[in-house]
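Asks: This is the structure I want to talk about, given as structure tokens.
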Amino acid sequence: MQVSNVNNVKIYNLSYGKSLPQWLSDRKKRALQKKDVDVQRRIELIQDFEMPTVCTSIKVSRDGQYVLAAGTYKPRIRCYDTYQLSLKFERCLDSDVVAFDILSEDYSKLVFLHTDRYVEFHSQHGHYYKTRIPKFGRDFSYHYPSCDLYFVGASSEIFRLNLEQGRFLNSLQTSATEHNVCDINPVHQLFAAGTIEGKVECWDPRVRNRVALLDCALSSVTENTEVDGLPSVSALKFSGALNMAVGTSTGQVLLYDLRSSHPLLVKDHYYGLPIKSLNFHDQLNLVLSADSKIIKMWHRDTGKIFCSVEPQTNINDVCVYPNSGMLFTANEDPKMNTLYIPALGPAPRWCCFLDNLTEELEENPESTIYDDYKFVTRKDLENLGILLQTFLTDSLQVACAEAVLFISIFHVKTMTNPFAYEEYRKDKIRQKIEESRAQRVQLKKLPKVNKELAIKLMEDGEHEAQIGSKKKGKATTNILSDNRFKMMFENPDYQVDEQSEEYRLLNPIVSKVSQKRRKKLQQLVQMEEEEELEGRASSDEESSDDDKSWVEEVREQRRLLRLEERNRKMKERERKLLDRNTDLQDPRFYQIKAGEEFRSFGDMARKQKLQKASLEERLKLEERSGIMNLNDTAVGSKQLTFTLKKSDKIRSQQQAERDHHEERRKLRRTAGHLHSRGRGRGRGGARRHF
């Protein structure tokens with residue numbers, strides 16, 4: 001259970017907390033309830049009060065005993081019995097539910113409007129009847145005196161279905177193109193429909209004539225509101241005989257008195273989201289308006305905010321339990337939220353124990369959301385010795401330099417280490433000893449990166465200090481402590497590569513000095529590991545090198561570089577030559593085209609090799625084989641002769657054609673004895689021989 005305080009109004013989210021998986025056995029569920037604190041504090045008011053994926057709408061029966069919810073996936077309707085605090089039945093449907101209504105006092109008569117234009121009726125035992133409306137529906141209302149169902153949707157007509165006669169009646173012809181919502185006044189049975197143009201049409205069911213038209217889109221634009229696009233009516237709700245609330249798609253709520261065409265009050269949610277649900281709370285004279293992000297409760301007369309609820313997931317529908325302070329919300333989440341606000345009213349009689357529970361919580365002034373948490377800093381975490389990765393997913397949420405830590409984990413240090421004072425005393429003594437040692441012996445700490453370069457800079461600084469060059473000594477020693485060069489001794493990307501060509505040419509004497517530096521590096525590492533540094537001194541014997549020995553070093557390095565480059569080029573040339581002269585060794589697959597004669601794999605390999613060869617290589621190869629002759633003339637090599645070798649299939653086809661023509665030539669007979677008398681059919685009437 002989560003407790004929040006908004007505008008000095010306590011809001012209890014009874015559905016907050018971990019939900020146990022359905023596939024767990026009863027034994028494992030009981031074991032988790034004993035071990036897990038979150039599961040112990042979870043209040044499961046109604047058992048299995050959730051949907052597989054999403055809940056789209058939720059309603060309460062008029063007798064207050066049953067809570068019905070429609071959701072997906074798969075499309076289904078679930079009925080919960082509040083007296084038993086459990087699921088009563090579940091029925092799967094053929095398609096998703098757009099809207100549904102309860103016609104009886106209990107669950108015995110239900111009507112569902114589906115997305116595929118079907119209207120489905122359910123009785124107490126289950127499915128009863130199914131029919132279809134001409135256009136896609138979006139909402140419907142039931143007129144009790146005449147037993148008529150009014151359907152509005154993607155049409156200018158309002159369809160009427162009489163449940164007593166079992167047939168459709170004449171539709172109501174409107175001036176709108178489409179309708180979004182509708183509602184019927186429970187007192188005088190006035191029917192109102194909200195259009196996509198931002199208007200509300202009011203009809204009298206007795207005479208089937210329109211009696212009023214409200215332009216809500218124009219009235220929603222005020223000085224303090226900003227509207228993007230044309231506001232359409234997205235929610236509609238009557239209260240009493242004279243009051244009506246209209247919600248727009250741009251996030252405004254308009255309160256009307258039916259005796260006036262101008263709104264009494266315009267309330268803006270300031271989110272720009274369509275209003276999805278409107279409810280009235282008559283005891284406190286409040287209006288409950290909800291969009292997909294927030295539920296706002298405000299006074300009907302002044303528009304002042306009473307309190308607000310912002311769930312973690314988007315809201316699809318809100319249902320207020322009659323004469324109580326309990327709310328049910330259908331969300332874009334499997335879990336349906338149950339909110340209890342004692343300031344709105346008492347708890348329902350089937351869960352009257354909530355009043356005692358909330359009274360006990362209100363008596364304790366320290367009961368807040370972060371009652372079991374403590375704000376700590378990173379330094380506190382380091383002192384506690386707790387790793388951030390261990391508790392990050394469970395009870396630690398790091399935000400910048402602060403964190404929220406579970407209070408039981410915060411006391412881990414006290415429980416596991418009762419001798420904390422002794423450790424604190426030893427740390428203080430150790431700090432005093434280190435301060436005294438620092439006055440006598442300065443410990444040289446080497447960086448993690450470029451240790452040899454750091455040793456060289458230290459040696460140069462000491463040498464310059466000895467010879468008296470103070471300016472140069474300061475410049476060399478400050479490099480190690482200067483923040484501008486800090487990354488050179490911390491980032492591994494700045495590590496000096498001793499095997500590179502530039503290093504070997506620009507630092508010819510590094511090979512001679514490296515041995516001495518390595519010895520000194522080993523000594524300094526040993527000095528850092530030792531606790532007592534007194535009496536330690538290096539006894540290295542420095543050997544004098546020749547002043548001009550670096551010249552031979554440079555020459556030797558250049559000779560080695562040239563030799564390495566020559567060997568690299570030779571290996572590259574040998575590899576290319578080997579690739580060019582390599583025969584077919586590994587098994588390969590070749591594609592034989594239609595009409596092409598297959599001779600051998602060697603022939604196919606030669607063809608593929610010839611395709612990859614350059615034009616010059618092809619010409620030389622063809623000239624050697626005698627297929628092509630090039631004759632040099634005065635104007636250049638312009639003459640080209642070649643012969644094409646035909647395949648056996650083409651030669652056999654040509655031979656068959658020649659035999660056929662020869663046979664037809666022998667069988668052909670003359671038609672000279674046939675001639676036309678007089679004027680023939682052809683042009684000119686001349687004698688023709690066929």
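Backbone N, Cα and C define each Cβ position, glycine as well.
TrEMBL annotations: computationally assigned, not manually curated.
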Asks: TrEMBL tags one of 524-551, 552-579 as region 'Disordered' - which one?
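Replies: When 524-551, 552-579 are checked in TrEMBL, region 'Disordered' belongs to 524-551.
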Asks: Could you tell me how many residues in the compositional bias 'Basic and acidic residues' (645-665) are helical, how many are strand and how many are coil under DSSP?
Replies: 18 helix, 0 strand, 3 coil
Asks: Could you give the residue numbers and ranges of same-chain residues that sit at least 6 residues beyond the domain 'NUC153' (482-508) on either side and whose C-beta is under 8 angstroms from one of its C-beta atoms?
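Replies: Long-range Cβ neighbours of the domain 'NUC153' (482-508): 447-450, 452-454, 550, 553-554, 557-558, 560-561.
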Asks: Summarise the domain 'NUC153' (482-508) by DSSP state, stating how many residues are helix, strand and coil.
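Replies: Reading the DSSP string over the domain 'NUC153' (482-508) gives 16 helix, 0 strand, 11 coil.
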Asks: Taking all residues of the domain 'NUC153' (482-508) together, what is their mean pLDDT?
Replies: 75
